[in-house]
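Annotation source Swiss-Prot lists signal peptide at 1-19, citing sequence analysis. Summarising the annotation, Swiss-Prot assigns region 'CDR1' to 45-49 and lists experimental evidence as the type of evidence. According to Swiss-Prot, the feature region 'T cell receptor alpha joining 42' maps to 110-128. For 244-266, the entry in Swiss-Prot reads transmembrane segment.
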Amino acid sequence: MVLKFSVSILWIQLAWVSTQLLEQSPQFLSIQEGENLTVYCNSSSVFSSLQWYRQEPGEGPVLLVTVVTGGEVKKLKRLTFQFGDARKDSSLHITAAQPGDTGLYLCAGGGSQGNLIFGKGTKLSVKPIQNPDPAVYQLRDSKSSDKSVCLFTDFDSQTNVSQSKDSDVYITDKTVLDMRSMDFKSNSAVAWSNKSDFACANAFNNSIIPEDTFFPSPESSCDVKLVEKSFETDTNLNFQNLSVIGFRILLLKVAGFNLLMTLRLWSS
């Protein structure tokens with residue numbers, strides 16, 4: 001009798017556990033540094049509490065937060081945790097993700113028996129933004145060796161670009177280039193001179209240039225060449241244009257004929 005009762009209790013516990021499964025989505029997530037993300041945790045059953053853990057490679061899970069009240073919202077710096085009103089779901093939102101946020105995120109629901117039911121986890125990978133090193137590029141006119149332009153780009157916003165003491169060298173103020181097609185911005189400045197011995201290595205002498213700035217060798221300067229693209233007409237497009245012109249002429253003739261007939265009727 002006691003054995004049957006114990007087996008019945010065991011089956012009840014197993015049935016309760018089987019209905020307390022947690023589903024996490026997405027299972028894998030890879031984003032760039034600075035982006036936002038949301039991880040979801042759902043169940044068909046009600047939990048008395050819900051916990052979020054983060055596990056880094058080679059280490060054990062670390063508790064981030066515990067929520068117990070339906071509709072509860074907790075914030076931990078850039079992390080926001082929310083427990084659903086029905087206590088069946090939860091979400092983790094990370095703002096401006098950093099490479100240090102990389103890891104496995106686990107949600108765990110607590111039942112009335114005091115045990116925890118874990119989800120399968122969400123593996124997050126945050127790729128760091130690789131800022132390009134500052135560089136100076138020299139552009140020479142292919143038709144005249146006396147004309148040269150230096151482009152100083154990808155430098156830090158704290159860098160000061162000063163005018164040259166040489167009256168024959170002209171330097172623009174620091175500007176921000178918005179590379180919308182590549183989704184990033186870059187600081188830049190331009191220097192130019194008509195002097196034949198003008199060198200980019202000396203153009204920004206009065207400015208504080210980072211030590212890791214790339215300077216091209218005199219042999220590796222870029223020749224600016226004018227490339228003329230040949231223009232070829234499209235026969236189909238030409239036919240369509242001629243058709244439109246023809247229809248317009250026909251419309252004008254019809255309108256003129258109608259106007260002439262109307263004037264004749266009025267005059268008679």
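Backbone N, Cα and C define each Cβ position, glycine as well.
Mapped onto DSSP classes, the region 'CDR1' (45-49) shows 0 helix, 1 strand, 4 coil. With helix defined as DSSP H, G or I and strand as E or B, the region 'T cell receptor alpha joining 42' (110-128) counts 0 helix, 10 strand, 9 coil.
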